[in-house]
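**Q** After the structure tokens below, expect a handful of questions from me.
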Amino acid sequence: MKWKLAAMFLGVSLALAACGGGGDNAGEKNGGSNGGGDTAAAAEQIFKQNCASCHGQDLSGGVGPNLQKVGSKYSKDEIKNIIANGRGAMPAGIIKGEDADKVAEWLAAKK
């Protein structure tokens, strides 16, 4: 019984470590710009850098839920709130400010 509990704890710890702690450096990698005028491309890049490890490169899910049709369930403001405050195992504030707004808008369009 102790080994099952230890294995479960280790698995959950590894999953949470994979999802969090990326820092707020999405804009730093390209001189503070997230793709110029193309907001959708910039949002997708921010997502891939900060969220894809849990939600999948194609939004199909994994450790985190499937987001392929998240816009049919949540509005942009609701998605932005989830990004800011976290939900379930998702840590709060992985993406902040304008980057969070871009990603929320991009995800809200996924219907």
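Here the Cβ of each residue, glycine as well, is placed from N, Cα and C on the backbone.
The following feature annotations were taken from Swiss-Prot:
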type	residues	note
BINDING	Cys51, Cys54, His55, Met90	heme c binding site
LIPID	Cys19	S-diacylglycerol cysteine
LIPID	Cys19	N-palmitoyl cysteine
SIGNAL	1-18	signal peptide
**Q** My understanding is the cutoff is Cβ-Cβ under 8 Å with a sequence separation of 6 or more in the same chain; which residues meet that for His55 (heme c binding site)?
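**A** The list for His55 (heme c binding site) reads Phe47, Gly61, Gly62, Gly64, Pro65, Asn66, Leu67, given in order along the sequence.
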**Q** Count the Cβ atoms, other than its own, that fall within 10 Å of the Cβ of Met90 (heme c binding site), considering every protein chain shown.
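**A** So the Cβ neighbour count for Met90 (heme c binding site) comes to 19.
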**Q** Work out the three-state DSSP category of Cys51 (heme c binding site).
**A** coil
**Q** Once the chains shown are all counted, how many other Cβ atoms turn up within 10 Å of the Cβ of Cys54 (heme c binding site)?
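**A** So the number of other Cβ atoms within 10 Å of Cys54 (heme c binding site) is 21.
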**Q** Of all the Cα pairs drawn from Cys51, Cys54, His55, Met90, the residues the record ties to heme c, which distance is largest, in Å?
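**A** Taking every pair among Cys51, Cys54, His55, Met90, the longest Cα gap is 10 Å.
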**Q** Specify the count of other C-beta atoms within 10 Å of the C-beta of Cys51 (heme c binding site).
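**A** 22, counting other Cβ atoms within 10 Å of Cys51 (heme c binding site).
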